[in-house]
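Below: the structure, in structure tokens.
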Amino acid sequence: MEGEELIYHNIINEILVGYIKYYMNDISEHELSPYQQQIKKILTYYDECLNKQVTITFSLTNAQEIKTQFTGVVTELFKDLINWGRICGFIVFSARMAKYCKDANNHLESTVITTAYNFMKHNLLPWMISHGGQEEFLAFSLHSDIYSVIFNIKYFLSKFCNHMFLRSCVQLLRNCNLI
């Protein structure tokens with residue numbers, strides 16, 4: 001890799017891959033860079049809020065199912081707008097899916113990481129760079145309030161549930177007045 005592509009690769013590794021590896025317990029908090037430790041705080045908060053709202057389960061047995069389900073959910077998530085909150089939801093969703101694969105011992109977590117990496121590179125990175133890159137993402141993560149986190153989690157869940165046709169999930173969200 002050279003020049004600009006190397007910079008992009010480093011941004012994705014810093015923001016996405018590092019958190020996924022941390023979430024899967026492949027690296028410890030002490031192995032995260034100072035930047036990753038800062039964004040980990042907001043991503044952990046997103047994950048906790050998401051976890052309180054619904055348990056996301058997957059039915060994934062092969063690489064093609066992962067690519068299809070992952071791409072469907074995140075395409076729906078970003079079809080009308082990209083923003084830092086949705087990017088946080090994307091990263092947390094990616095980490096959860098990778099951890100599910102690791103815990104299921106089906107050795108497909110690398111497929112999730114590669115699919116998430118490629119999606120971010122081709123679909124999100126241009127927007128991220130034009131909106132301040134890592135510095136602006138860090139600023140967002142340091143200054144987000146609970147209302148923006150909850151709003152983005154509700155939006156993410158509505159897109160996830162619509163794509164995955166999880167009627168019970170949608171009903172749960174409606175019962176909790178979340179969608």
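Each Cβ is built from the backbone N, Cα and C atoms, and glycine gets one as well.
Predicted, not measured: the structure shown is a model, and the values here were computed from it.
Listed in Swiss-Prot:
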- 76-95: motif 'BH1' (MOTIF)
- 126-141: motif 'BH2' (MOTIF)
Open item on the list: So if I exclude everything within five residues of the ends of the motif 'BH2' (126-141), which remaining residues of that chain have a CB under 8 angstroms from its CBs? That is, six or more out.
Closed with: 8, 11, 14-15, 35, 38-39, 41-43, 82, 84-85, 87-88
Task: Arithmetic mean of per-residue pLDDT over the motif 'BH1' (76-95) - done: 86
Open item on the list: For the motif 'BH2' (126-141), how many residues does DSSP put in helix, in strand and in coil?
Closed with: 14 helix, 0 strand, 2 coil
